[in-house]
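A.B. asks: Below is a structure I'd like to ask you about.
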């Protein structure tokens, strides 16, 4: 017979006592002996743990002449198994494999002095069976372990259950083949199409070195490929200039800016860029220059913080949102090519396709510090007519959107101030209008929302999970 594991032992003991008394008396009158597996169980109890799903004890039948032996067994036995949880599976139809696994999980969680584990993956659970009576009514105490214990064999841990969270990298022919193919594509692109430079060779050498150095550096190299993809896309903008695709907007953007965000100075309506050009302050030149130099380092550093101290999925979400923001910005560059504010100051409203980049208001930062950092930076600008949207304003906005992942309020607030600092610096320096900054923030929010929607697609989500495990 199968006994239900009671939630309250005393209650079920009282219920089973009359039944057990009747059964034992009937067996005594009929002269029957209870045999199990061809053995006389007059002095011991055998409990089959293979059929104990969630705490059910199967086939525990004593053979005694005493009418109270079965009730004594239930009253003296402390069940340490968990009560059965509700399940749609009918009683007695659970497979042996599932029941064994459930019992094993329970014994791992049940920590008390009566449980011990041996080296051969066996667990002994000592049952509190005090005394039983033999046919001569002589009390015997079963103190031996093999008579009072339940032995559970734990299957060896499989590879899927392994706690090792790092897969050892094995150098196979397939790895080398893929690396060879990607290397050929990389150098073919830069040598014959985009134009190769020393920076491209250095980046490739660093990635390959990290990939083969160790398992940890290999994961890091695969993680930063997202940012390497951004650099390659940005570097490729000069292959097809946006002013060759669409008409460059110069005058209309200037008039819109003056209409919505213009200010009056001595009765003359001017943009904020024109006002700051006439009224610049040295301390603001330094602060704005430092903020503008941090537009990429701080977001990237924060993503690496997520990679190191938070989850890899958080890093992947941030990095792919960053990449998607750039893609959205590049698309708008080709739809609405726009001249920056400093362009009107130097060239007016005429179109000059060969106009080089300019540091604009940041020239004051170079003069104060004595370091020509902005002059050298903007002299190599890849695209002059890429003012809308302002990616300088978009990147800090991403840190605000993902700032809650740090679980640090002060850092999240710091990202808000950092974002407004970069936005102010973009307008103060004459590199962007206010509408450019707002368009950049909108671009970041749009990319963030679009990524959240795309990541919910089952196929995309599985790829993201796989990539998170890979890095």
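Just so it is clear, glycine is given a Cβ too, placed from its N, Cα and C backbone atoms.
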A.B. asks: Give the range, chosen from 23-52, 53-82, 83-112, that TrEMBL lists as region 'Disordered'.
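C.D. replies: Of the candidate stretches, TrEMBL labels 83-112 as region 'Disordered'.
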A.B. asks: Ranges 127-147, 148-168, 169-189: which does TrEMBL label transmembrane segment?
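C.D. replies: Checking TrEMBL against the ranges 127-147, 148-168, 169-189, the transmembrane segment one is 169-189.
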A.B. asks: Can you say which of 195-213, 252-270 is given as transmembrane segment in TrEMBL?
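C.D. replies: TrEMBL lists transmembrane segment for residues 195-213.
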A.B. asks: Pairs of Cβ atoms less than 8 Å apart decide it: which stretch in 169-189, 220-237, 318-336, 384-402, 409-427 has the most with the transmembrane segment (433-454)?
C.D. replies: 384-402
A.B. asks: Report, as numbers and ranges, which residues of the same chain sit near the transmembrane segment (286-306): CB under 8 Å and 6 or more residues beyond its ends.
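C.D. replies: 227, 314-315, 318-319, 322, 361-362, 365, 368-369, 373-374, 392, 395-396, 398-399, 402, 405-406, 415, 418, 421-422, 424-426, 428-429.
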A.B. asks: Please give the sequence-distant neighbours of the transmembrane segment (384-402): residues at least 6 beyond its ends with Cβ less than 8 Å from one of its Cβ atoms.
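C.D. replies: The answer is 237, 241-243, 248-249, 253, 292, 295-296, 298-299, 302, 306, 314, 317-318, 321-322, 325-326, 329, 332-333, 336-341, 343, 355-357, 412, 415-416, 418-419, 422-423, 425-426, 431-433, 435-445, 447-448.
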